Structures are given as structure tokens and as C-alpha cells.
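Contents: one structure, followed by commentary.
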Amino acid sequence: MCTRDAAAEQLTNWQKDNADTIGYAKNSAGIGIVNADTSLTIGVRGVIPLRDYQMMEHLQHFNRERIPERVVHAKGAGAFGEFTCTASLEDYTVSKVFVEGTKTPIAVRFSLVNGSLGSADTVRDIRGFALKFYTEDGIWDLVGNNTPIFFVKDPMLFPMLIHSQKSNPVTNLRDWDAYWDFLTLNPMTVYQTLRLYADKGIPNGYRYQDGYGCHTFSLIDKNRQLTWCKFTYETNQGTENLDTDEAVKLAGTDPDYATRDLYNSIANGDYPSWTFYVQLMTTDQAKALDFDPFDITKIWPEDDFPKQKVGEFVLNRNPENYFAEIEQLAFSPSNLIPGIGDSPDRLLQGRLFAYQDAHRYRLGVNNRQLAVNAPTNGTANFQRDGAMCIYNQGGAPNYYPNSFGGPNPDPDAAQWTNPPQEFSGKEDYYPEYYQDDNYSQPKSYWENDLDDDEKTRVVNNLACSLECTKEDIQKRAVEVFTNVSEDLGDRLAKALNLDSVKGQLKA
Ligand code: HEM
């Protein structure tokens, strides 16, 4: 990519604003740097003495520049902006984020799931779409994707899914046998797979995609009544997708296509924005449903649970420094504020633990003291010390209870969590949950949401990928897609040049 766009002008722009004021080079201790490009040597052709500590410091810091990349969603881009509530949700939640007119600063990070840092932006993959709200009651993270559902519904299966989609441990290559083996052995994945191979599977950059919180969350009102809720954010730019061939070409010519597009649009003042919706479900409605409303492999039909517009958000500031503000951004689904809570969604329950653990590994135990992760309303607790501690809470008591005026638990926080919920049943493993009607919703999607042209593209995309795997796995895939729709199964079998496989394998 050789265009002189806003991204290409970054250094020139920096120079205009800063070059006159930056002063002389100083090391990390503020000591003037003697020579920035030459080592100290004994004579022109001689050795470097150990006392050239500035050269040592320079090399040693360089050796430590890389931190572990995110185990998933490594490649991404982010920006900052503001969420505005345009229609109050006060009847359902005490959260001030949803009081009409309230503006909340946000950080957003977009990502791809499977590729490593440096992989191409235009491959067929789910896109992460994570929102961090810096609210006056603490951080709320909505760590969503660009699809409303997910492949699996039990946290045990998440590492299995990812192992089957990342590199083979021997060849270090993408392994299409592992990929399709896992998906076809787990029919709960079929709806997400079908959506992934449709047009929205390769969005035309991050600005042209919708986002979804995916899970069912709870809203808690001033009487501590709970309403179940799903969050959706629709792009105001309109959805746009890339044609598969164009995407493949771009992966070679401009692998950072989506990152560049986001940066340039914001740098040019063309701020991308999204409209924010909720779907609501009462606890009684949830009990009466013929499907599990906490199953992340299923949507809530909009006819029954219409979307209500509650706000908008805009991204109007690029990071001043990518590593500091985006690579070190840390989202956790456990960051839930008073008035917004979790649900019995199994996958969400697993995610409540997984992310903070990942942050401690990736960024360290004090990662929440980093500016982009710190709550704007401060911290007062009983955690102390640890690597890279910046704010250690001074002389406040570090134990509880104490008689020295240390912080007490917050009655508001206690009041506005989920009200007591009743669960019953025997403690056991229930794999039958995986068979819970995997086909009705993808069937309806195939029949009602896709026109014939897109159906043809879905089949071609699926066939193109399935061609890379073994015939028995291809046949199993046809079987699974036939369970969605005979039409889809037939078309796929034809595209793969497989004779009818119906009846050859067990359903
Ligand atoms: C990132 C685990 C399911 C969306 C991550 C990370 C981990 C993780 C460990 C890296 C975090 C970091 O280093 O900062 C899991 C587990 C899951 C799960 C164990 C299931 C049990 C999901 C689902 C969604 C999702 C269902 C979408 C609804 C994301 C996003 C990121 C991410 C958007 C990137 C966040 C960022 O931009 O920093 N996940 N994940 N994940 N996950 Fe998940």
C-alpha cells in the first residue's frame, strides 16, 4: 500500500506538533543520551567496553519489547469515543449508563479470532467487537463479536474449538481436517458456521459490521427486579462485506486493510458510529420459552423480542500510542456494573473467570492500574503490591474488617446485583444439553434470511474450505448441513462432487 493517506502522514503530523518541544534525548532515568547511533569503542576498530551502559540499556530493553499476544483475538485495532443514551432504560436498570442523555467515555477494540499478531485482516473469521465503558460506577466491559451467536455453549469446549482452528502442533499450519472434524462432530456449531460462510463472514473493515453482546445478561431495576437482556450495536455506515476473491487479494496486498481503514477514517474526521439496541425478556417469558434463552448458540427471535433503540456510540479518537492503549487494553466479561449482571449462560460463566486470568499472564497482576484499564472512579480494596504496582493505596488498612476507617463493602453494589436466584437439579455432567435443537434456527436462517445468490455463495465458500479436508469428514459435514436443510445438503454434496451421502452416516 503506497498511498499518502492519514496513516502514512502520522510521522509528519507528529513532527509538526512536537519536534520543536521534545528537547534532547534522555534515557529512562532522564539522563541525557550521549550518542544515539554509535557504541563506545576502544579505537575505530576496537571492542565495546562494558561501561557503555547506554548501549546495553538500549539492547536489553529491545529484547523485552514483546509481551505474550492474546491467546485468541491477537490481531486487532482500537479507538476511543463516547456512548450516548438516547432512550432511558430506567424502568429496567439502575445503571446510569442508560439514563437518557448520559454520555459515557468508551474504548473499543476490534479483532480477528484465530490469526496471530501480523496476520491478515481480510480472512474469513469471526470479528471481535469489544466495548469498554468508563462509567461512574466502574468499568463495564461488553466483550462481544460481530455475530449474535457462538460456536459452542460450554467453556470446556472453547480451548478445543480454538485448538482445532489454530495451527497444527506438528506442521504449524492451519489444519482443515482438525477444523472440520471438530465442527462436524459438534452440531451445536452449525448455526455459527453457516453465518460465518455467508457474506458477513468477511466484513469490509471494522466500520461496516454490526456487533453483539451475544450472551444473555440481566438488568436490575430500582426494586431489584430482574429482566433478561441482549445487546446489539448496528453500524450506521451500513453493513458492507468483501467478496471472497477480493479479500484473498487484499490479504496479500494490504494485510492491515481493516486497521488502516479504521485509523484513516478517524484521522480524517469521518467518525464511525453505531446504534445500540437491547432486547428484553421477563423472567416469566424465559420460563415459558420452548428453547433455553441462556444458550449462546441461539438467537432470541426479533418478532417475539423486538429490538429497542437505547443509544448510539461514536469513535472519534485514535490511540496516541497503539501498544500503550490498545495492546494493553484488557476486557473482561466479569466487569459488570450495578444494574447489569450475568446470567446462567454456561459459556458466560466460564468467561467470567478466563479473562482476568489471561490479563495477569499477558500484562501482569496490576494491569488494571494501566491508564486504559483503570476505572475513572478509583479503586479502594485490600489487594496490594505485585509487579509494577503504581498506586498501592497509601496507608489505608489492607485488611478487613478493621477499626481504622478502611473501605466497607458498597451497599449499592450489593443491592444492584442479580436478586437471589433458585437453581435445582442434581450435580452431574449433562452432555445432552449439546443436542438441544441445533437445527431449527439455522434452518430458518437458511430459508428466510438468505436470498438465492447468497445461498450459492455460502455453498461455494463451504465447499471451497471443505475441499481441503478428508472425504469422510466432508460427508459428515454434508450430513450435518442436511439436517439444517435438505436443499443445503444437496447443494453442498453436489459442489463437493459427493454422491448422495444421506443415510450413509448416522444422524
Ligand atoms: C479474547 C477466552 C468466548 C469474545 C479472549 C481472551 C481469552 C478468551 C483468554 C484473551 C484475553 C486477553 O488476553 O486480553 C474465552 C473463553 C471463552 C470465550 C474461555 C468461552 C468460554 C468468547 C465469546 C465471545 C468472545 C462467546 C463473544 C461473545 C472475545 C473478544 C476478545 C476475546 C472480542 C478480544 C478482546 C480484546 O479485544 O482484547 N477470549 N473467550 N469470547 N474474546 Fe473470548
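Numbers run from 1 along the shown chain.
Heads up, the Cβ atoms here are built off N, Cα and C, so glycines get one too.
Per TrEMBL, these features apply:
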type     : residues : note
ACT_SITE : His73    : active site
ACT_SITE : Asn145   : active site
BINDING  : Tyr355   : heme binding site
DOMAIN   : 26-408   : domain 'Catalase core'
REGION   : 404-425  : region 'Disordered'
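Shown here: features listed in TrEMBL, placed on the structure.
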residue: His73; record: active site; DSSP (3 states): coil
residue: Asn145; record: active site; DSSP (3 states): strand
residue: Tyr355; record: heme binding site; DSSP (3 states): helix
- Item | Overall pLDDT of the domain 'Catalase core' (26-408), taken as the mean | 97
- Under a criterion of Cβ-Cβ distance under 8 Å and sequence separation of at least 6, what residues of the same chain contact His73 (active site)? Ser111, Leu112, Val113, Gly128
- By DSSP, how many residues in the region 'Disordered' (404-425) are helix, how many strand, and how many coil? 5 helix, 0 strand, 17 coil
- Least Cβ-packed of the recorded positions Asn145, Tyr355 (other Cβ atoms within 10 Å) is Tyr355
- Pairwise Cα distance for Asn145 (active site)/Tyr355 (heme binding site) [Å, integer]: 15
